[in-house]
Amino acid sequence: MPMRWNPEIHPDEITPEGLFRQRRQIMRAAAGVGVGALLGLDPWHALAAAGKDLPDVRSGVVTTADKETPFLSATTYNNFYELGLGKEDPAKWADHLVVDPWSVTIDGAVGRPGRVALDELLRPHPLEERVYRLRCVEGWSMVIPWVGFPLGDLLKRFEPGGSARFVAFETVHDPERLPGQSRDILAWPYREGLRLDEAMHPLTILAVGMYGKGLPNQNGAPLRLVVPWKYGFKSIKSIVRITLTEEQPVTSWNAHAPEEYGFYANVNPAVPHPRWDQSKERRIGTLWRQDTLMFNGYGEQVARLYEGMDLTRNF
Ligand SMILES: Nc1nc2c(c(=O)[nH]1)N[C@H]1C(S)=C(S)[C@@H](COP(=O)(O)O)O[C@H]1N2
Ligand SMILES: [Mo]
């Protein structure tokens, strides 16, 4: 499927308003059913509580013509090890994550470091919908209408210094409440990182919502990263710290198994995971497998970031 949007080359090639509206109406109808009631299972009630209203969301851009993943699948089939290892655990234990009050520390090589309340952090940034694919290294993928804004816009406000070359992110650390954090799965808190140019790329967003509403806890409320050309584990959830660094930061999965999870983690069907192939993926909600695209289909926008790099070594 050809790309619908390229921020550098065709800034005006956005989804026709009509198409967007139509899609949104379908979503509203689906959401109106009341997911919690539909499931009729007590632990799942967190789902119904999720999805707070958001201030004005611009009818943003659609980067794929692929069908959206149903809301129910995107919110009940998750990876969020702080809330358990099973795919259904994050939705079940979503209440264990307390997202209010929330603040984010921005520090390291920035001109204006500080700890900022979430409201204040978000206020200057108009929210936009971006329909992106998200592909997990485990071989499944989804198409999700995220609501967020470019990470680069936020970083610029805090004035990255000349020595800054990377951005490190940290998830909230609350072992008393988050069941996974008292288990020896990863070195907590969960950490991720990007090179500064990747972080500043217009496709890289901080998401605060999905499907037109606030993020459900299991999807990384209240603030998560989405980097559409990288494997899902790069898209760190429930962020409490953003640090500009000179050195490549330590990241959870890379530290856990460096031969399996590289720092770059670009979606690359040509580089297999040591224990399984990466050339195909199963779209959640379908039964068949489809070809995985280089850079998850965003190569036209991002391939130049990696020019001259050996992507089999820098995987
Ligand atoms: N803090 C934190 N962030 C995380 C994870 C996690 O376990 N903890 N899992 C990652 C992985 S492996 C994937 S595939 C995506 C899944 O995002 P989703 O559940 O919203 O689809 O979240 C990523 N972000
Ligand atoms: Mo993943």
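Glycine too: its Cβ is placed from the backbone N, Cα and C atoms.
The following features are taken from TrEMBL:
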BINDING   N78, Y81, E82, C136, T171, N219, R224, S235, I236, K237  Mo-molybdopterin binding site
DOMAIN    99-253  domain 'Oxidoreductase molybdopterin-binding'
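In the three-state DSSP classification, R224 (Mo-molybdopterin binding site) falls within a strand. By the rule that a residue counts when its Cβ sits under 6 Å from some atom of ligand 1, the binding-site residues N78, T171, R224, I236 yield N78, T171, I236. In the three-state DSSP assignment, the secondary structure recorded for I236 (Mo-molybdopterin binding site) is coil.
Averaged over the domain 'Oxidoreductase molybdopterin-binding' (99-253), the predicted model reaches a pLDDT of 97. Within the same chain, residues at least 6 positions away in sequence whose Cβ sits under 8 Å from that of E82 (Mo-molybdopterin binding site) are L97, T171, V172, L178, P179, G180, Q181, W188, Y190, K237, S238.
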